[in-house]
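TrEMBL has this to say about the protein:
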type     : residues                                                   : note
DOMAIN   : 20-543                                                     : domain 'Metalloenzyme'
BINDING  : D28, S81, D471, H472                                       : Mn(2+) 2 binding site
ACT_SITE : S81                                                        : active site, phosphoserine intermediate
DOMAIN   : 101-322                                                    : domain 'BPG-independent PGAM N-terminal'
BINDING  : H140, R170, D171, R206, R213, R286, A287, D288, R289, K361 : substrate binding site
BINDING  : D430, H434, H500                                           : Mn(2+) 1 binding site
Amino acid sequence: MGSSDFSWKLPDHPKLPKGKTIAVVVLDGWGEANANEYNCIHIAETPTMDSLKKGAPEHWRLVRAHGKAVGLPTEDDMGNSEVGHNALGAGRIFAQGAKLVDLALESGKIFDGEGFNYIKESFETGTLHLIGLLSDGGVHSRLDQVQLLLKGASERGVKRVRLHILTDGRDVLDGSSVAFVETLENDLAKLREKGVDAQIASGGGRMNVTMDRYENDWSVVKRGWDAQVLGEAPYKFKSALEAVKTLRAEPKANDQYLPPFVIVDESGKSVGPIVDGDAVVTFNFRADRMTMLAKALEYENFDKFDRVRFPKIRYAGMLEYDGELKLPRKYLVSPPEIERTSGEYLVKNGVRTFACSETVKFGHVTFFWNGNRSGYFDEKLEEYVEIPSDSGITFNEKPIMKAVEIAEKAREAILSGKFDQIRVNLPNGDMVGHTGDIEATVVACKAADKAVKLILDAIEQVGGIYVVTADHGNAEDMVKRDKSGKPQLKDGQVQILTSHTLEPVPIAIGGPGLAPGVRFRNDVPTGGLANVAATVMNLHGFEAPSDYETTLIEVVDK
């Protein structure tokens, strides 16, 4: 929509007043599922969230947070924090990540675009390196997309290909890496039969190698750099299958935390370091865990670790990972154009905004909420606060994370009277849930619930309104299930689920400032995260733009 087709001025809501302080609280990884021993939210003491659920039914409901409701291809696609916060902030559903790539591969447009033509210039004399998560989880990447990318490159003249694989075990079952490597090795063998020199060159587990995010731990990226670029790693093998099988047998080496390895030839030399003249594609479509590597590959001035060498390469991401930083400069698939987000509308209508989380989710209440855009819309009306996350430990070691600190910052902002909207993300349920540690996840849920209470108490003090919701499920179901819904066993042991889920998430509204007669509508049964933006705009006293997903609330005369 061009600038001449709309006005930033939002019409007033006919029945809802302006001027109330509104807290928007996003509980990360907090879905709704049946009560059982694997539902950490149910097990945990969560009196605040329980009271919201047991309160007035017209002020609590569920919304969809996965699949088509957040722009993903199918209802089997679990939601994630990026698409969830895009939907929460944008108020509309945009084709996302996997779906964008699927459409580009299906039409062949990916091979005609500027990004592919750029890397193709290295096909004649250089090597094409593909780096990313080897998984069919559909959260960061998908194996079938990598297969199509390989096929397309081979049909367009690539002579030498090297893959640098990151094993998953987080969005898929631990141990599935072996089958993924076998599938990939079979594909590469067929390419070799056609005269393409194609091999896996290096690898490692996603939480140990390359895939850190929000600059939490650069040593993770360095371990990947050493293996991928320098061809150096503590473990050397003749094949990736041997590497994964052997390293999984090491004590506590699961797919997520496999140490870095390189594949070597008969003389012990790495088969695929990245050198001058090569092309590199990071094939994850999700941005958060590729951005740090993208900086290392692209930035000439870089001081996060000693790269030893900085090869002159042609680099492209599967997607653009940061629209504000224009990172990377080249990409194979163009991003969704998310403009006119609720955050921008509200700021341009004078709504003073405060946003806060800790490092691991700070980008979600800012960058992703604002339509994949960094920075402020208006520095005079906005303040964003990032609380540093714990680093150097896994999140189950300190499952309370920074929940209290986030809540205290939110409380200060509420009580200061400087802001009309305070939005926060409490990461505990998601980040600790990903570790698969049920006991720690229970502690995490309790901590998040306490944080919610601190924020709601402050809203009570100022006569404000709260909106408490979530971005996707995780902590509410920590077990892999068979088709009948029963816990899945392997070697007599229950298979722990570390990924997100397909469950709906709650949304609750309330507070002393909520106008009489406000209730959730009954005629939006399939409402999703994108409906939340119009709802929040209404609570600020405005009508949402006509192309937004409809509001979840109505005002009835009492």
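Start at 1 and count along the chain as shown; that gives each residue its number.
Cβ coordinates come from backbone N, Cα and C, glycine included.
All features noted in TrEMBL, drawn onto the structure.
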| residue | record | CB count, 10 Å |
| --- | --- | --- |
| D28 | Mn(2+) 2 binding site | 27 |
| D171 | substrate binding site | 23 |
| R213 | substrate binding site | 19 |
| A287 | substrate binding site | 25 |
| R289 | substrate binding site | 25 |
| D430 | Mn(2+) 1 binding site | 29 |
| H434 | Mn(2+) 1 binding site | 23 |
| D471 | Mn(2+) 2 binding site | 32 |
| H472 | Mn(2+) 2 binding site | 29 |
| H500 | Mn(2+) 1 binding site | 28 |
Minimum Cα separation from R289 (substrate binding site), reported as the residue among binding-site residues D28, S81, H434, D471 that achieves it: S81
Cβ contacts of H140 (substrate binding site) (under 8 Å, same chain, 6 or more positions away): G132, L133, D171, M211, N284, F285, R286, R289
In the chain carrying S81 (Mn(2+) 2 binding site), residues 6 or more apart in sequence that have Cβ under 8 angstroms from it: D28, D288, K361, H364, F368, D430, D471, H472
Shell of the Mn(2+) 1 site beyond D430, H434, H500, same chain only (C-beta within 8 angstroms of their C-beta centre): D28, G29, N80, S81, G429, M431, G433, H472, N474, A475, T498, S499
Rounded Cα separation (Å) that holds between H500 (Mn(2+) 1 binding site) and A287 (substrate binding site): 17
Predicted model, mean pLDDT over the domain 'BPG-independent PGAM N-terminal' (101-322): 96
H434 (Mn(2+) 1 binding site) and R213 (substrate binding site), distance between Cα atoms, whole Å: 15
Mn(2+) 2 site, defined by D28, S81, D471, H472: further same-chain residues with Cβ within 8 Å of the Cβ centre: V26, G29, A65, G79, N80, G84, H85, K361, H364, N425, D430, A470, N474, H500
